[in-house]
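So that you can see what the record holds, here are the features copied from TrEMBL:
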| type | residues | note |
| --- | --- | --- |
| BINDING | A:Arg209, A:234-235, A:248-252, A:265-272, A:Asn286 | FAD binding site |
| DOMAIN | A:5-185 | domain 'Electron transfer flavoprotein alpha/beta-subunit N-terminal' |
Amino acid sequence: MSQPVLVIAEVRGGKLRQVSLEALQAARIARGEGADVQAVIVGSGITALAAELAGYVGGKVHAVDHPELASYNAPAYVQAVKGLLEELRPARIYLGHTAEGRDLAPQLAALLGAGQISDVISIGEGELYKRPVYAGKAFEEKRFLSGSGVVTVRPNNIPPAEPAAAPGEVVDRDYAPPADLRSIVRDVLRKAGGKVDLAEAKIVISGGRGVKSADGFKPLEELADVLGAAVGASRGACDAGYCDYALQIGQTGKVVTPEVYIACGISGAIQHLAGMSQSRVIIAINKDPEAPIFKVADYGIVGDLFDVVPLLTEEFRKVLA
Amino acid sequence: MNIYVLLKQTFDTEEKIVIEDGRVSDDGVKFVINPYDEYAVEEALQQRDQHGGKVTVVSVGPDRAAEALRQALAMGADEAVLLTDGRIGADEGAAAAALEKYLSGQSVDLVLGGNFSVDSGGGQVAVRLASRLGLPHVSSITSLRIDGSTATARRDAEGDTETLEVTLPALFTAQQGLNEPRYPSLPNIMKAKKKPFQTLSLDDLGLSAAEALTERVSLSLPPERGAGQLIPGSPAEQAARLVELLRTEAKAI
Ligand SMILES: Cc1cc2nc3c(=O)[nH]c(=O)nc-3n(C[C@H](O)[C@H](O)[C@H](O)COP(=O)(O)OP(=O)(O)OC[C@H]3O[C@@H](n4cnc5c(N)ncnc54)[C@H](O)[C@@H]3O)c2cc1C
Ligand SMILES: Cc1cc2nc3c(=O)[nH]c(=O)nc-3n(C[C@H](O)[C@H](O)[C@H](O)COP(=O)(O)OP(=O)(O)OC[C@H]3O[C@@H](n4cnc5c(N)ncnc54)[C@H](O)[C@@H]3O)c2cc1C
């Protein structure tokens with residue numbers, strides 16, 4: 001049997017993240033259907049999630065379940081998977097390009113002396129990994145020169161894996177906390193996120209400085225409710241205090257690739273575009289016809305968002321009723 | 001305190017991207033300090049001013065990267081080191097290997113880098129380096145407080161805020177929000193010219209190679225987005241038309 005391939009699944013808010021199934025699919029596309037694909041899941045109280053994951057993986061699912069692993073901590077999570085990596089010597093490791101994955105991946109790559117290709121959006125013939133560069137103004141395809149390699153995949157770009165023909169076996173693994181933990185998580189402040197995870201949402205409605213106040217987000221939220229969409233924001237809106245930084249989309253914030261992105265009162269700075277320009281359909285609502293956002297928009301409405309957005313909500317309500 | 005800042009010179013992403021012979025043309029292009037590394041420089045200066053010590057900025061790159069290091073000296077850094085050699089491979093693994101070799105010969109209390117670089121942006125070099133040096137790290141920080149040998153950092157994790165406590169020496173990567181980088185003042189620009197500036201090759205580091213573990217095989221521009229259409233009419237007409245187009249033409253909703 002060929003060297004195994006390992007998917008590192010991520011748990012957030014007590015759920016298996018969708019991007020973990022996308023990472024699994026990436027493994028299948030890159031390494032072919034015959035590959036020995038295994039997965040590891042790290043957390044606390046994750047028996048049910050490990051079983052759920054095994055339904056997709058087909059191969060072995062290693063579960064590292066320990067109270068000290070309830071939330072991400074770099075040295076603890078590295079410790080949790082280190083022994084497994086040494087045993088399996090996986091040819092490839094796949095994980096999500098998320099806050100957790102971005103931090104964990106380079107540590108594992110360093111540990112294995114492996115190359116890493118980050119923020120992958122698709123995989124081509126010959127195991128070529130495509131990724132955006134220059135804030136999305138260009139794309140590169142990369143390949144590994146090293147025997148082992150680590151890949152992080154951008155959420156919402158590679159289709160999630162389908163359930164396996166037969167579920168894989170869950171193997172519990174022990175966890176021994178590192179003797180000397182030089183980094184300790186003192187506190188985690190979870191922002192009450194919206195109902196829909198921004199990075200995984202199919203539709204995103206974003207507000208910029210043009211919404212003018214925290215109340216100005218209300219019409220956007222109503223539209224989001226009708227469409228089952230997530231609400232996002234530009235840095236301008238966050239800095240002005242209209243919304244929490246947890247909503248920020250762009251280079252510094254979250255990168256989203258929804259089917260539909262509706263930018264309301266956002267000028268379209270390059271750092272904002274870096275976070276949304278891969279969306280399938282982009283709609284811009286802005287009262288300035290010269291706003292750069294119109295250059296990337298498929299559909300543009302020059303107008304006042306406070307007029308247009310409530311009318312849109314009404315129209316959608318009619319057709320979706 | 002001995003503070004080291006990892007600094008990459010990047011392409012200003014405001015620039016238009018032109019591809020020539022499979023490379024991004026740098027003809028007449030403006031290069032800048034990677035914006036996230038600028039926050040790292042600023043943080044280093046503030047920590048030095050508070051706790052005393054020395055700030056050394058280190059970059060792996062071509063000759064032109066010297067400009068970015070000089071800019072950091074003009075901001076107030078004390079010394080600069082450029083690791084440059086055609087034998088250093090073009091990826092994160094190679095850059096981290098060269099930095100590791102250099103830093104393992106120094107006495108280090110604090111290392112600051114950026115969250116990722118805005119041009120090729122793998123977001124790997126700094127964290128890889130921490131692992132290779134065996135230093136604890138916190139990535140994507142929005143605040144840093146140092147008290148003796150303990151550092152308390154706030155980390156931005158997709159909008160959640162984590163507070164971590166780390167024992168120095170340690171490495172941190174900067175996220176937007178950490179601080180407001182200063183502009184170099186004229187006297188500091190003059191002073192920068194006299195500050196120590198070292199240029200080191202792999203031979204100087206005692207390294208025979210720093211090999212890349214990945215390679216780029218192609219570079220392309222994004223497919224042209226079909227020219228977008230502006231929807232005319234009154235707000236009510238615009239709204240109705242947009243909903244219709246999304247359903248019929250874009251088949252998105
Ligand atoms: C290192 C760095 C990282 C950054 N990272 C990010 C990031 O991750 N995300 C991000 O978004 N930005 C980021 N920025 C900031 C970015 O450069 C812009 O400043 C920011 O995106 C501007 O936000 P905005 O479009 O909401 O505001 P503005 O640029 O002020 O635009 C407001 C728009 O609203 C329109 N408007 C006003 N009123 C109305 C109305 N009633 N109806 C319709 N339209 C109206 C105006 O015409 C204007 O176009 C970053 C900057 C730096 C330097
Ligand atoms: C001779 C030579 C020529 C080079 N030419 C280029 C070039 O044309 N284009 C190019 O993008 N790179 C070039 N490099 C630099 C090197 O290839 C890149 O830094 C490396 O690929 C990592 O880039 P990244 O953008 O993924 O960094 P990331 O992993 O995204 O960077 C994360 C953080 O690590 C630190 N860091 C990253 N790279 C460096 C570095 N080089 N020096 C110090 N700190 C760093 C910074 O703090 C940064 O914020 C060259 C290097 C050499 C020696």
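In case you wondered, yes, glycine gets a Cβ from its N, Cα and C as well.
TrEMBL does not curate its annotations; it predicts them automatically.
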Quiz item: For the binding-site residues A:Arg209, A:Ala269, A:His272, which ones lie near chain B, with a CB less than 8 A from one of its CB atoms?
Solution: none
Quiz item: Across all chains shown, how many C-beta atoms besides its own are within 10 angstroms of the C-beta of A:Ile266 (FAD binding site)?
Solution: 31
Exercise. Would you pick out, from the binding-site residues A:Arg209, A:His272, the residue whose Cβ has the largest number of other Cβ atoms within 10 Å?
Key: A:His272
Practice problem: Enumerate same-chain residues with a sequence separation of six or more from A:Ala269 (FAD binding site) and a Cβ-Cβ distance below 8 A; give 'none' if the list is empty. | Solution: A:Ser234, A:Arg235, A:Gly250, A:Pro292
Self-check item: Rounded mean pLDDT for the residues that make up the domain 'Electron transfer flavoprotein alpha/beta-subunit N-terminal' (A:5-185)
Solution: 96
Quiz prompt | Neighbour count (Cβ, 10 Å) for A:Gln251 (FAD binding site) | solution = 24
Quiz item: Sorted by position, what residues of the same chain at least six away from A:Gln248 (FAD binding site) have a C-beta under 8 A from it?
Solution: A:Gly232, A:Ala233, A:Ser234, A:Arg235, A:Cys238, A:Lys254
Quiz item: Hey, does DSSP put A:Gln248 (FAD binding site) in a helix, a strand, or just coil?
Solution: strand
Self-check item: Helix, strand or coil at A:Ala269 (FAD binding site) [DSSP, three-state]
Solution: coil
